[in-house]
Amino acid sequence: MREILHIQGGQCGNQIGAKFWEVICDEHGIDHTGQYVGDSPLQLERIDVYFNEASGGKYVPRAVLMDLEPGTMDSLRSGPFGQIFRPDNFVFGQSGAGNNWAKGHYTEGAELIDSVLDVVRKEAENSDCLQGFQVCHSLGGGTGSGMGTLLISKIREEYPDRMMMTFSVFPSPKVSDTVVEPYNATLSVHQLVENADECMVLDNEALYDICFRTLKLANPTFGDLNHLISATMSGVTCCLRFPGQLNSDLRKLAVNLIPFPRLHFFMVGFAPLTSRGSQQYSALSVPELTQQMWDAKNMMCAADPRHGRYLTASAVFRGKLSTKEVDEQMMNIQNKNSSYFVEWIPNNVKSSVCDIAPKGLKMASTFIGNSTSIQEMFRRVSEQFTAMFRRKAFLHWYTGEGMDEMEFTEAESNMNDLVAEYQQYQDATAGEEEYEEEEEEYET
């Protein structure tokens, strides 16, 4: 079967990951001891995508958990699903990365990376036909960003033909945890552009907004935010885990969403999002789902798709739906908002349908869009980066770990190139495209 190996790193990654496993276990009828207590044969049919079956019919997640300090892991172990993970798969250091990318990537992280790779190798050998990896991490801290990208590049070397998908939490514009976030994020993006296949871009501010506006929560906790993320993560992979009329997997997703290899940063959304009080008043229908799914307020990162154009998009519908109706609604969206789609990629919206809805819902949908407006995120981080780097602020923390200023300059220009590429394809029209391409080829 097409297994996916899940890796979570750093505090943020481990907290998102923990929530994700709660959702996945719930969908497959696995209780917190790893025993199957479900009621449908469909839950077990392809359970091996995310779980190993151990002795005594116990199901163990294919998850590798890493951190440079023991704190988050300890609280995860004592949490509701702490006992389900394989104890050998917890890999942690003691020193912490102190929000320093260089520590995660070059010094502390580099010491721990081999033991992480051993666990990854063991899990990969345990699988029958590994499809790829999914990594949960944040880009603002030290471990998730520095060590996370180090691990991604090592895995890339060892498994070059497997898909690499990341769920990356970007630093958000108004909610900042640390001063050096722009440095860490820029250095990470520099790595992700080269080594990852698909990046789902998330950020806390957009998630807070969804909690306030749509879910009407007065004071949302990180638990609430992570729940949103885990709903999306489960939606992206549901086609692999349950039978469906139109299936997709990580590779199909990539082929349909990535027109140019560097432009693989996606916005994600989930529908239906309703506040707990108002659920009973609305019946779900495909048009309503589609409407909410494409709504700019629903995107889980702080970029507004109305400021750019969609290169491609993909929608995963779950539940007992008619494929015909899904297709009609998707065509409808494209026809009504044709100016928001680039005209030089015809049929650029793909939909897939999975028969099993998430727990407690009749139908749901997950949205993944490759929009040029994501450049807003990179642009914002890049401006903050430049403001500090111009004054060489906080730089000694990085050079002290053996980094070179040159690396910062490279990362900065790579990020700016990425923004320029998005802008170029946003402005391109069907007619002039061929000539531009030719000119560029001669120049290089």
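Backbone N, Cα and C atoms are what each Cβ position is placed from, and that goes for glycine too.
If you look up Swiss-Prot, you'll see Gln11, Glu69, Ser138, Gly142, Thr143, Gly144, Asn204, Asn226 marked as GTP binding site. Within 10 Å of the C-beta atom of Ser138 (GTP binding site) sit 30 other C-beta atoms, taking all shown protein chains into account.
Cβ-based neighbour count (10 Å, all protein chains) for Glu69 (GTP binding site) stands at 19. Taken from Swiss-Prot, the feature Mg(2+) binding site covers Glu69.
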Ranked by the number of other Cβ atoms within 10 Å of their own Cβ, which of the binding-site residues Gly142, Gly144 ranks first?
-> Gly144
Non-local Cβ contacts of Gln11 (GTP binding site) (under 8 Å, 6 or more apart, same chain)?
-> Asp67, Gly71, Thr72, Ser138, Gly141, Thr143, Gly144
DSSP three-state call for Gly142 (GTP binding site): helix, strand or coil?
-> coil
Largest tally of Cβ atoms lying within 10 Å of a Cβ, found at which of the binding-site residues Thr143, Asn204, Asn226 = Thr143
